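One structure is given below, encoded as structure tokens.
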Amino acid sequence: MAAELLEFGYLFVVLAVTGAIALRLGLSVIPLYVVGGVVVGPYVAGRFGLPYVADSEVVTLLAELGIVLLLFFLGLEFSLDRLRAARSNIGRAGAIDLLVNLPLGVVIGLALGWSVVEAFLLGGIVYISSSAIVTKTLIDLGWIADPESEPILGTLVFEDLAIAVYLAAVTSLVLGGEGGLVAIGRSLAIAFGFLGLLLVLVQYGTSLFTRVLDVENQEAFVLRALAVVVPVAGAALALGVSEAVAAFFVGMGFSTSGHRETIERRLTSVRDVFAAIFFFWIGLGTDPTLLAAVVVPLVIAVVLTAPAKVVSGYLGGRVYDLSTHRSLRVGVGLVPRGEFSLVIAALAASGSTQVMREVIPAFAVGYVLVMSALGTVLMQRSDLVERLVFRGGSAKTES
Amino acid sequence: MTVYESDLPGVGKKHEIELGDGARLVIVTHNTGKREVFRRESADSDSEKLFELDDELARQVGTLLEGAYFQPVQSTDIETLLGDNTLLEWVEVGADSDVAGKTLGASDLRQATGASVIAIERGDEVITSPGGDAMIEAGDTLVVIGPRAACRDFVALVTGA
């Protein structure tokens, strides 16, 4: 027991230190937690005979809670009404974003000789922008007050919904993918059946969700919220359904209960702890030598998908009637990828093929490290990007 | 004056206020309660951040801006608007006031003005819902409610202005 507790102490020290470095450098904490995990994990510290944190079942379980809570919060912030209210703009900008970036990732995967499911996983990883990194950078740079923040945040809302549907489908494909078409069909049916039931409950069970959390005591409140979301997520996973999507729906249920702000206030620190462990755990499972093996797909993906996001975001900005200069910023603002790409990678790691278990997770880690840094830097130096893009094209500079 | 409101999913809300010269004041209210205030010179320029306040400070500053403590133009008395035309006003009774030393009933303030005294503040003591036999003393603060015109008459009568 003492050894395990010490190992956890080690884990938290590393998270605290990497978090402090991120704050100091003004970077997102996500890539730094991952790097921290890689460095003190079995593949680096372990290989050099230094004390290391093992990729144990306990860490895996806590990381799993991190995924559940990340998606729970996403559902909490997600509102169907909001999507409906801004339907036309968000829908069009979001559809452009989806139709450009997801297929591009799938094509890259197929071109690498991967199977359809593997390519589809890659598509998801390169499609989904990082809500956490993008939102933080918007606030840091003050873009939040400018018109470009609306299409950027609107597109993120659309992506949230898209990723829920995507995860639901892909989880079934990955977990039930071995028994041929019938098995896939059955697991898809179970997934959408379970999630459909959950969605109905969420839509009509507002009073139930309200009553569950009607308690003054802080501790009871936090425990009750966890006592709803964790068992539902667990039941989903037991059925081979995406636990992340189940958590997302439970979050949606709570979002209309009138307790949304209280949940956010009281559970944010809980989520942050487990999410940090999740990013760290992703690092633990990453063998840097495997990163070397995915350099080629990585370079291809970065070179193709970074400009693709800029283009789709630019078009999204034009949907909102923004000037060319602001639309370009929308594109640049959506480049960072982060937490959800890693959630997809974690899902891929439970797959059956070697590509899913080793190549895709290593690829995703490398991709997120590059894109989170590249995206943030592009946003900070967007003036240079603008000059670069608009220098020659006289036709495009007219807004 | 036009105020534009928009949602910032995951962040909070944004309000933009036209300042008249093409510039806009942009207030971002975060879900955490933090307020950030920007100024955008024109539609094409970038917003310049002016300052940020936490929730509590923002409310205090907001009350000041609203003029709750000091209204240099309208009157120097504290007043609060209830509804369209009803005021809640605090009126100090000076030593030379006609009503000082009279009971509320004898002063006949309500009959004369139409505004009612709902409390009398005397030092740390507060007499709520005072009856007709309640004595008004110099140095008291009368808390008065009534239509705007009635309150104005009331102030004139009590302060002798």
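Every residue, even glycine, has its Cβ placed from backbone N, Cα and C.
Curation does not apply to TrEMBL; its annotations are automatic.
Among the features that TrEMBL reports, domain 'Cation/H+ exchanger transmembrane' is placed at A:14-376. The annotation transmembrane segment is assigned in TrEMBL to A:6-23, A:30-46, A:58-78, A:98-128, A:152-175, A:187-205, A:225-254, A:266-284, A:290-316, A:328-348, A:360-379.
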If you count Cβ pairs under 8 Å, which stretch among A:98-128, A:328-348, A:360-379 touches the transmembrane segment (A:225-254) the most? A:328-348
To the transmembrane segment (A:266-284), which of A:58-78, A:98-128, A:152-175 is linked by the most Cβ pairs under 8 Å? A:58-78
Long-range environment of the transmembrane segment (A:187-205) - Cβ separation under 8 angstroms, sequence gap at least 6: 168-169, 171-173, 175-176, 232, 236, 239-242, 245-246, 249-250, 252-253
Dominant neighbour of the transmembrane segment (A:360-379) in A:58-78, A:98-128, A:152-175, A:328-348, by Cβ pairs under 8 Å: A:328-348
Out of A:6-23, A:98-128, A:328-348, which stretch has the largest tally of CB pairs under 8 angstroms to the transmembrane segment (A:152-175)? A:98-128
